[in-house]
């Protein structure tokens, strides 16, 4: 510390003798005292709670507050009335609310007036509490929650007396047979739930492709045609000849041969993606050399992770990506997993050609979709 | 003030009830019940009032909704879907949205209220955790609260599934996949829930009855219990002036608290109405009817299921097949472990903490988070864990919005979900101890007054002044670590709590809980001691 | 007025009107037909000239990467820099150039959509107040359209391929929107999302949003037909032109449809909804809670 410092500081700021410190330690204040006179680091509690019992609020400001609150209540009233008026008067015109535009209009007016009404009321009540209620904080005792020793002992005595009176402590035979009787009664409701659904059996092991191929073979054909999901048009090899193509397909005949309420259920397992991988990049797996038609290959669209449609195909990288959890499969290499939470490749559907049409020659050789305990 | 008798109408009614129920004693005792005031005490009220909104709007929706998977051809007024085959559930939801006046508003308010319900429970839970309000005697309410959140997740998932649109159908499909992965009973559970194979015809009616009857009834019961216990035990208070373990300080129930909570009830209604009017939620008409072959990018569940979604996304593909059976850890672990850790841990926490600290006393005054560094740090670690998984559930949206590689986001979350909580724990604990040190400094040394003193020798110093009374009470609310009971007493007999390996573990954990505690206490004029001991422990660790 | 009314009542008035109408048609026809005759007469010469223009544009803007003969180029390691354009067809070129993806600036994970370069920028503003300015802009637009046509024709002449669809094939008014929705959700939404907001692909690639007005129906059609970059191909035999038109109709109607429920929150589903619930919903309610529990203002009477 040098004198220079002291001087520069002193040159700019007023100096002041601090009287309170007393004569023993004469120190001088340097610099401007902080405006924080309250000495508070934390602006905390209760500084402005009303100070004493019966203290009156300022009458003029109360009147002002009263007017503000009343105005807010009137706003709430007006907007509720608008809500009703709009509903009765306008929303029913031209045969009522139908379609997007009128839905938008009515949502705007009904919702807007309702929100305004609630918020105005809320603000009014809040101002009322804050400005007009004089109730001051009060203190209450917290009581011990635990019961006193005496009542606990008395209860224990009563309880044991009752038990002895009933004889349950003395007659084990009664006790045990009662328990025995209760056990099956408790199980009965569980038994009742048995008919919630069928047993799994082999349901999860096959798809409608098997059924469809069987039907086609009975008609003397080699296999079932693939139809485009949404248009039901069977696909020829020549239709699907552009490398990089992708489309979602189903077995032909689902709509005709399956009861209407089961169509979705069958489609949910049978849904398949058909991809045209450039023939020079396709690596058929062992034993599946003849499952593709010149690079046209079909995989189950049901992800082996938890069953979302794994449908996102990138023709440059040949990735099949499931948009739900990002399991990624390689379309050129038997749909092996490249990344993500799936553990198994997508099942592949054996394809062939008949009369120029792409056909499936059998069901999937393994269960489609997520793994399960009995899958093996 | 002059007229102390109630008007005749009220007097008469009260008299009628009292003569039959003896209720006036109860009213008399409770009319001035004290409710301590703090903004964070109102977070739970949002949940209560959104629940009321959910019941009201939900009842409105049931008047038109058809919980049926029967296939119909749509011919309503939404032109883009005319002629499309869909389930009756979806068609009736379109009907509510576009042909029932106010129907869209009610749907939107219902959905927004559900989002606020879950969000406010979580926010309320965090407030309770970080202030230590779950401690004895309030463990039961803590457990009830956690259970309500978990039941709320189910309730939300079921409600979200009811319209049978493409997004909710995808959610159901994932539910089915998760169910199927359970060893031994998975496929049975799947068949029994769906009444056959996915999607079947039964799932929507079944979820409907769970959604509108069973689960709301359960929640209603739990809410009632939660409120009655709270009322009986009296609310906790923040550690401020006039609050103590023996007495509670605040506003009387009637009229102040009643008016305040009434205002808040209206605010909650207002905000949900505001959102329902001006922010579109779950536009099922854009999603289309459920179709097992269709899917959209960015298929996400509502936020409270995001943790599960994120865990499913970042899990590596582990699966074991042996002896003709398959166990898919890639589904089982993410479906159970993260929520198990967070909520199982939360449920066990009050008891673990009491066991470690040996604190079996009742607590009515909350702790400031900094004064329980291990608890606060554990909480922040859990929040980090939950938050990262939650973000991982939106990793495709993140990858798309910020143009980063999808796989890179997955790897980022795989690493941070393990490291993040550890780092968060360490940082939070350091921050808590730093704040404790500052508190000790303020109490021992005073507040910086901004007044620079120059001594006669020429030295500069800042004058410190004693903190305000109110502030001092807040700072001194800290309970300093008590010296640990010696593991062996003077005669060499081990203390009862420290016997055996469990006891050993307990005393080690107990030491970890308090070893770096910084005492905040008044020292009269020997203020420098406190500061020194503070900086001592800083140097040591 | 009265005079005309009187005229109309004359017996010959009907014939007069018919005659006048015929005469008018004749004059209009006479005014137009010689021109088209002339066009036909000079068409081959004009076509050759257009092709030449196309080739010049190719040499100037494309040949540096795709090679002088559009055969594609490779770097020193034999890795392709730019693909051959022989046989890609006019549809592909029209898509790439009109969306500004080509000429590409620098190869990243994916070539982004951008403003087309000036010679091909057909989307420039022409609604100027000033007459001259408008005229100049219109002229420039016409030139850009011609340039693009010529370039397309040049590439088409190299080896055929998918052609630019006629305007009638992409008219969103005529598509079957219900079928389009089904096909879109089954084959497109997995990348582009329900409402065409786009989505993430692997390796930093992304499916671009289709929800902006700048994505024209023609570009949608061409994208399906040619499968630009990572997008798979949907040729006309897999999804027929009618089905493509249905998809276009669905997309265009969806993006033009207002959000009946208020702000659409980006139409990306539950992620933005959760964010809004926490930030706006809980945010507003926390503010309300703070207001309700804030310290009472000191308005006590001084006594």
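Cβ coordinates come from backbone N, Cα and C, glycine included.
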Range among B:187-205, B:244-262, B:263-281 that TrEMBL annotates as transmembrane segment:
B:263-281
Which stretch, out of B:372-391, B:432-451, B:452-471, is listed as transmembrane segment by TrEMBL?
B:372-391
The transmembrane segment (B:109-130) in contact with the transmembrane segment (B:263-281), cutoff 8 A, at least 3 CB pairs, sep 6+:
yes
For the transmembrane segment (B:46-65), I need the partner stretch with the highest count of C-beta pairs below 8 angstroms, choosing only from B:142-162, B:263-281, B:331-352.
B:263-281
Overall pLDDT of the domain 'Cytochrome b/b6 N-terminal region profile' (B:13-239), taken as the mean:
93
Between B:142-162, B:263-281, B:331-352, B:411-428, who has the most Cβ pairs under 8 Å to the transmembrane segment (B:208-231)?
B:142-162
Sequence-remote partners of the transmembrane segment (B:142-162) [C-beta within less than 8 Å, at least six residues beyond its ends]:
65, 67, 89, 93, 114, 117-118, 121-122, 124-125, 128, 134, 168-169, 171-172, 175, 203-204, 207-208, 210-211, 215-216, 218-219, 222-223, 225-226, 229, 282, 301-302, 304-305, 339, 343, 346-347, 350
